[in-house]
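These notes concern the structure reproduced below.
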Amino acid sequence: MSYIEEIYGREILDSRGNPTVEVEVLLEDGSMGRAAVPSGASTGAFEAVELRDGDKGRFLGKGVLQAVANVNEVIAPELEGLNPFDQPAIDRELIALDGTENKGKLGANAILGVSLANAKAAAECVGLPLYQYLGGVNAKELPVPMMNILNGGQHADNNVDIQEFMIMPVGAKSFAEALQMGTEVYHSLKAVLKEKSLATAIGDEGGFAPSLESNADALLAIMDAIQRAGYTPGKDIALALDVAATELYRDGKYHLEGEGLTKTADEMIAYYEDLVEKYPIVSIEDGLSEEDWEGWKKLTEKLGSKIQLVGDDLFVTNPARLARGIKEKCANSILIKLNQIGTLTETLDAIEMAKRAGYTTVISHRSGETEDVTMAHVAVAVNAGQIKTGAPARTERVAKYNELLRIEEELGETGVYPGHEALGR
């Protein structure tokens, strides 16, 4: 048995040039785990708190020296000497040290960094890749990628209201083939946009962010790109949306400012029904606001048997909010973001609860990412079946895809790529 010898936190930069927390956990035998914490742009009101310094004279107030100090001065002395293999006990200790509902005292960024680095140190100590350490012999399902290839909303400076237009290579036979298909469509989309004299600058997650007239224009451009790449929309490559509707919600209405429209929840649902009828859309994330439980119930009644309805801001990876959603029959899928709840154990608990209720799970990055690939391992460890980690561009996104290629190679014939089945409908 090797115990925790040292825990060390530092401030590094994420993909948006903002500071974030990185933590190293060192064990007595020399094993070391390192984890860097991501950060979101469109954040749910019910997420665990990311601690920022607020000192405007340093990184425009976005420094994380306080969170780093909490790792080094508060957490480290309490955890050093403990058993790293008892992840639930480590995470319980972290939660108790913080003592708040939302991890606002020490910061979810400090807590998650320690939680993940600890699991990675333990995995290294026993000579296992993280996915196998967490998931055992049953960890064998590669996730279908949801590739965000066209951006609007909070992730881009343009007039498209829907935040993410994604492609899912559901017709692929392996993860490697899925990555190839998605990448070919991505390059094809660039050519389509260039022909229309539209911008091919990329957003936070690697997707293009052209100024289009409407959401329908975005969908048509992607359909064109899929066909030009030699694939059949729906059969080979399906479409998925992240509306991030909480960002559009004010005074009980949804404001689609790019299109100059204001809609009620019922009108939004009718709008989605129309889109699903016209395009091969298999998944809609955050179609309604995180506060609009009644609307979510109706949306699920109308579309829940046809497509995947993913709760992100609605659930914020929180078992208590997920339990309410299950009880009230809201959504049929949960987006899992490690930093929304703040510890690995709570994340795994949320995934377990979702699976028991028949909800699908999608492991997700944040718009502010790092080269850390922990989420790729978590996706395989829990057989999530789906991963959302951006376009096949920008190293912090591609790092996750490349790690999944390595994992698929390592799994060999035991590895499974679920394709259409990942959606569970």
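Every residue gets a Cβ built from N, Cα and C, even glycine.
Straight from Swiss-Prot, the features:
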- GLU205: active site, proton donor (ACT_SITE)
- LYS337: active site, proton acceptor (ACT_SITE)
- GLN163, LYS337, ARG366, SER367, LYS388: (2R)-2-phosphoglycerate binding site (BINDING)
- ASP242, GLU285, ASP312: Mg(2+) binding site (BINDING)
Can you count the other CB atoms that lie within 10 A of the CB of GLU205 (active site, proton donor)?
30
GLN163 ((2R)-2-phosphoglycerate binding site), Cβ-centred 10 Å count of other Cβ atoms over all protein chains shown, is 27
Expressed in angstrom and rounded to a whole number, the (2R)-2-phosphoglycerate site built from GLN163, LYS337, ARG366, SER367, LYS388 spans a maximum Cα-Cα distance of 17
Across all the protein chains here, work out how many other Cβ atoms are within 10 Å of the Cβ of ASP312 (Mg(2+) binding site).
28
CB contacts under 8 angstroms to LYS337 (active site, proton acceptor), restricted to the same chain and 6+ apart in sequence, sorted by sequence, are PRO38, GLY40, ASP312, VAL316, THR317, SER364, HIS365, ARG366
For ASP242 (Mg(2+) binding site), the same-chain residues 6+ apart in sequence with C-beta under 8 angstroms from its C-beta are ASN148, ILE162, GLN163, GLU164, MET166, ILE284, GLU285, ASP286, VAL310, ASP312
What is the separation, in Å, between the Cα atoms of SER367 ((2R)-2-phosphoglycerate binding site) and GLU205 (active site, proton donor)?
6
Packing count at GLU285 (Mg(2+) binding site) (other Cβ atoms within 10 Å of its Cβ):
27
One should report the C-alpha separation between the residue listed as 'active site, proton donor' and LYS388 ((2R)-2-phosphoglycerate binding site), rounded to whole angstrom, as 10
Rank the binding-site residues ARG366, LYS388 by the number of other Cβ atoms within 10 Å of each Cβ and report the first-ranked residue.
LYS388
I want the residues beyond ASP242, GLU285, ASP312 whose C-beta is within 8 angstroms of the mean position of the Mg(2+) site's C-beta atoms, in chain order.
GLN163, GLU164, LEU241, VAL243, ALA244, ILE284, ASP286, VAL310, ASP313, LEU335, SER364, LYS388
Please report the number of other Cβ atoms within 10 Å of the Cβ of SER367 ((2R)-2-phosphoglycerate binding site).
23
